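Colleague: Copying in the features that Swiss-Prot gives for the protein in this structure:
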type: BINDING; residues: 78, 83, 129, 130, 148; note: S-adenosyl-L-methionine binding site
């Protein structure tokens, strides 16, 4: 029960309770991740303990921000193997989670996980972030856009802020050192209709890892010119 106790402690740290039923869903998720990872590149993290800490607990820590408890709709942009979107959906069944990924094989995996876990509050979409944000049913439609993708804040802001409603939030799950990155993304955040609200440090149980939740509030509409076409966002970040 070591992992259960560890995850319970992590959940309690952010004001949540982890039920046995929720824990069992996480274990099924872990097993599917390990099984599928042998044929589809989903994660470099494959050991039980590492998955629990670096994927599950890291995702649960998003709830340190009350926005994740209060939001009705969330989009996880570039979700990959489903982080943080699926853990968020497991912990809060009142939030409707949209998982967005550009690789069809990963979307197939996400659909399987959603089915096996019986998650009625999750839908997976196959699309590039730049393309999805131009769809009327997705653009400026979510209380939260989140991402744990490996990209700098300027790039992530252009990928994510177009999905956020006015007065909603873009919340990025970042590593330990974000100060310089935040400074460099100031123009991008402002241009895209956002305002930096907070940088919130979180600790991962039973590790020395410290991560940051970067919180951006959407204060005005995103200009129609954004996001730019595929490729331009990463090649020429807004500076």
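Backbone N, Cα and C atoms are what each Cβ position is placed from, and that goes for glycine too.
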Colleague: Return the maximum Cα to Cα distance in Å (whole number) over the record's S-adenosyl-L-methionine-binding residues: 78, 83, 129, 130, 148.
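Modeller: Between the most distant Cα atoms of the S-adenosyl-L-methionine site, 19 Å.
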Colleague: When you measure from the Cβ of residue 78 (S-adenosyl-L-methionine binding site), which residues in the chain that are at least 6 apart have a Cβ under 8 Å away?
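Modeller: In sequence order, the residues whose Cβ lies under 8 Å from that of residue 78 (S-adenosyl-L-methionine binding site) (at least 6 apart) are 100, 101, 102, 129, 147, 149, 151, 159.
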Colleague: Quick check: in three-state DSSP terms, what is residue 130 (S-adenosyl-L-methionine binding site)?
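Modeller: Its secondary structure by DSSP: helix.
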Colleague: Identify, in sequence order, the residues in the chain of residue 83 (S-adenosyl-L-methionine binding site) that are 6 or more apart from it along the sequence and have a CB within less than 8 Å of its CB; answer 'none' if there are none.
Modeller: 55, 58, 59, 76, 148
Colleague: Take the Cβ of residue 148 (S-adenosyl-L-methionine binding site) and count every other Cβ within 10 Å, whichever protein chain it belongs to.
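Modeller: A 10 Å sphere around the Cβ of residue 148 (S-adenosyl-L-methionine binding site) contains 22 other Cβ atoms.
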Colleague: Among all chains shown, work out which of the binding-site residues 129, 130 has the most CB atoms within 10 A of its CB.
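Modeller: Answer by Cβ density within 10 Å: 129.
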